[in-house]
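Chemist: OK, TrEMBL features for this one:
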DOMAIN    A:69-258  domain 'ABC transmembrane type-1'
TRANSMEM  A:12-31  transmembrane segment
TRANSMEM  A:68-92  transmembrane segment
TRANSMEM  A:104-126  transmembrane segment
TRANSMEM  A:132-153  transmembrane segment
TRANSMEM  A:180-204  transmembrane segment
TRANSMEM  A:238-258  transmembrane segment
Amino acid sequence: MKNRTGRLISYIFLIISSLVSIFPFYWMFAISTNTTAAANKFPPKVIPGDQFFTNVQNAWENADFITALFNTLIVAGTITISQLFFCSLAAFALARLEFKGRKLIFLLIVSTMLLPPASPIPLYMIVSKFDWINSLYAVIIPFLVGAFGVFLMKQFIESSIHPELIESAKMDGARNFQTYYRIVLPILKPGLATLAIITFMGVWNDFVWPSIVLKEQSVQTLQLAVRGLQNAYNRDTALIVTGAFITTLPLLAIFIPFSRQFIAGLAEGSVKG
Amino acid sequence: MSTKSNKKPRFKYGSQASRDALSGYLYVAPFFILFLTFGIFPIFYNLYISLFSWKLFGAEPEFIGLQNYVWLLTDDPTFIKAVVNTFSIWIISTLPQLFIALVLAYVLNQGFVKMKDMFRMAIFMPFITSILAVTIIFNSLFSRDFGLINFILGTAGLDWKIDRFLSHIAIATMVNWRWVGYNTIIYMAGLQTIGKDLYEAATIDGANKIQQFFYITIPQLRPIILFTIIMSSIGGMSLFIEPLVFLDLRGGSHNQGLTMFLYLYETAFGTKYNVGYSAAISWVMFVIVVMFALLNWFITTKVIKD
Amino acid sequence: MKRFGLILMSLMLLFSFALAACATDEGGEGTTDEGNGTTTPEPDDEVIELTFQNIPNTGLDVLVEQYQSENPNIKINYQEAEFADHHNGLVTAMAAGSGIPDIAFVEIGFLETFKGQQNNFTNLYDLGAKDATGDYLDWKIKQAENADGSFLFGLPTDIGPMAMAYRTDIFEQAGLPTDPDEVSALITDWEKFVEVGKTVLEKTGKPMTDSGGTIYDTMVGQLTEVYFDENNELLLETNAGVKEAYDRATAMVEAGITAKVGQWSPEWNAGINDGGFATLMAPAWMMNYMKSSAPDGAGNWNIAQMPVASGNWGGSFLTIPAASEHPQAAYDFIEWLLSVDNQYEIFKATGNFPSTPGIYDKPEIQDWTDEYFQGAPVGQIYAEAAEKVVPVYFGPDHQTVNTAVKDAINNVENNDADPQAEWDAAIERVNRELR
């Protein structure tokens, strides 16, 4: 009896949380199918209209989404793969190899996470010295390895890979890189998936730094394209929301199948090694 | 046995210890190469320009020593306001966010729950959207005259942007919505590490689920909770895009939603182009963030232990 | 070890893919420096490459193509960015000393700030602009000159002469005249404006205008001296005109004749659309905005003269930063781009109002009426307004001060703050921010 109410409350809680999580997506869809005039009514219009294709066409004409998507994929893809590799490698060294000063090195890396977010001017100066203004290098190279990634990977390695496992691999005569590649990487998969998603999203979403270094249309990223819509028609709500919606769609398409795996992997697979 | 011998590595060429050292340095090298190239210079350059009265468009830079810091700490109500706003938004975003995530993770981890995959995916979905998109959507939801939220709450005409506290709630809502799912997933991973025997023993002792949540789950998850709190304080302290897009560069007409980072950005890029002062803000911010992270560390370790 | 090689190779492959993608993008780059040659070999007769950074929707991009096809030795690398991002990017580039374009769009508000760094720009008078300035409105050229008139920062693009748009349906309901001439005669100054506003509020329950901030901007736009004198001394506390404008604007707010909607907000759009307020101070470029974002307002708006005098809101310039390696080629291009004939073309394509009075007499402008505004002779009204604008000195910190004062008005309007306390706070804030 008591158990039953507990379950009921649990389900209600889950359902409400899910609805709250999903509703803004629906809202985004609903507005992108209406005109701005229709969206600006009280009570607000919650029913989808028939303006979706007009809005998409309008957004399409005002921004080059194909180029932007291509650029974003290059930037986010390169950074993600590079971060997975270099961060997990560094984390492996810091967590499971014995060498002088590794504690200090780890502390140094972690403390860089706390460094103040500086004004972009000095970084701009460096990037321009390399002649990377209006080049995707400017938004890729500085972000190939990150303190957060190293930190996260180290956490995962420490919680899921027992030192004895490494030791026994060494006993069998494995080189360090082989140990990393054959033992650490497979067990680390859920951790890597987490880092991949966090990195990919972070890069996909950034627009402050790209807006400063990428001024040419041919190198613009998706967020810059949406940002551009915000100006082109000032506050044309339907157009802007449509832009936000069509830049979110590819992510949903990539992540709905992938995140299922990622979530399941995280929740079930990890830690047991 | 073998672990012990590794604690005192002997550096003989070709030995395991020397190979470990070599690989170790090699593997962490990429981070330091990039950091030295792109991270160190901006930090020290910032320290340098913070000693100048330097406006990008105006008179030549003039060395004024610590004057920027003196102004910032003793005579700048706007900065105080920005600090208070940042902490206010942080509290009303982080506490509910982590608590809801913890409860969600706990519930989702129960054996009886069906369709776990579906719930998890739904809750995780907000994390996929960009901050820009989130802000655009919530801007529409929180609209004064046409907002759905005003309609549901029956508060037609309530302006969520002008009142200080209401604007904090609106901004915190965006943060909460986007991050609850992420933290839930992190906590669920942590819950897997707690042995079933602990719960079984507690059940035999007659503890109900809620008691188990408070007396087993939370203490056992301590390292992970600490991790999420540290991460959300770093994120919360550098909050900036949400107030920028929801309000404006100044965080609204009376700086109601101005955060520290937004103030830094506005000082350098708004209308003032005062990069010297902006650099000083970034250093004071650094000290605040470090102190705050340490304090969080301390409190979390203490509180959850007891 | 084999696997290590495999990983390394796939990683390198990925990198080279990314690099290749970057390199192709770089091919079109023209940051005015050496380093092209790597990707695309240039033909032997010297091709001059010019980078032109602009904001969207200026109507200038179409003409860029035409210039290139007429001048095969010029290659223009055209770039667009969102308004604020564009200006911030320009500031960053100039501060860092690289990535600066040959031609940069600069809006009037930013130009005032940029004037503080004269050495970052090329003096267009050195490139032959003396012969061209006669084509443009005097006050517009004055805006682009330094204090003593020896240095010209840019050539003018469009302008924003002001008139007063009003809702005939609301005026009729309030028992007021609706004919433009009669309305102009009725509202000759701001006192009359308030009087009429009170009548409108009483008879129809509708506010007279959108916000105190807009009215303040408009009134300040009619002064000859605003926050700074020509020596850049702050006048905020001594300029009676500014204080008067502030007092009038806040008094209107407190009398309840403003609708309390901020410019560009959805509420503001809806107000224009559905008649949420009776008047709107409208520069020429506002007409297009009203039509696209408030289509249902068509036929309910008309246009009359502004109270007191005309004014100007916005408008922009094309500048040549000092870093340009081909200033003369850049100048030749913008002189052509902003010539009388081309401004006329831009006007026909976009409705942006030309800064060249020579074409104000053309039939397309004189006979230009607009159905959205009940067939009002908008071309005539704005042309007349444009020639009446008087030049104002703003100073490099104009925007900082203006932001502070507008914020004060906004606080009175939306947060029930006390006008005098907000005024004092604004002065204190300005003094702190200018130090």
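The backbone N, Cα and C atoms fix where each Cβ goes, glycine too.
Remember, TrEMBL labels are computer predictions, not curated facts.
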Chemist: What stretch, picked from A:12-31, A:68-92, A:132-153, A:238-258, has the most CB pairs under 8 A with the transmembrane segment (A:104-126)?
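Modeler: The stretch with the most close Cβ contacts to the transmembrane segment (A:104-126) is A:132-153.
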Chemist: By Cβ distance under 8 Å, which residues at least 6 away from the ends of the transmembrane segment (A:132-153) in the same chain are close to it?
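Modeler: Residues 71, 74-75, 78-79, 82-84, 86-88, 90-92, 94, 106, 109-110, 112-113, 123-124, 188, 191-192, 194-195, 198-199, 203, 206, 209-210, 213-216, 219, 221 contact the transmembrane segment (A:132-153) from elsewhere in the chain.
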Chemist: Please give the sequence-distant neighbours of the transmembrane segment (A:68-92): residues at least 6 beyond its ends with Cβ less than 8 Å from one of its Cβ atoms.
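Modeler: Sequence-remote neighbours of the transmembrane segment (A:68-92) are 109, 136, 139-140, 143-146, 149-154, 156-157, 180, 184-185, 188, 191-192, 195-196, 199-200, 203-204, 219-225, 250.
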Chemist: Which residues, given as numbers and ranges, are at least 6 beyond the ends of the transmembrane segment (A:180-204) yet have a Cβ under 8 Å from it?
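Modeler: Same-chain contacts beyond the ends: 72, 75-77, 79-80, 83-84, 87-89, 92, 96, 139, 143, 146, 148-149, 152-153, 155-157, 160-161, 165-166, 169, 174, 222-223, 251, 255, 259, 261-262, 265-266, 269-270, 273.
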Chemist: Given a Cβ distance threshold of under 8 angstroms, which distant residues of the chain, six or more beyond its ends, lie next to the transmembrane segment (A:12-31)?
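Modeler: Here the qualifying positions are 39, 45-49, 237-238, 241-242, 244-245, 248, 252.
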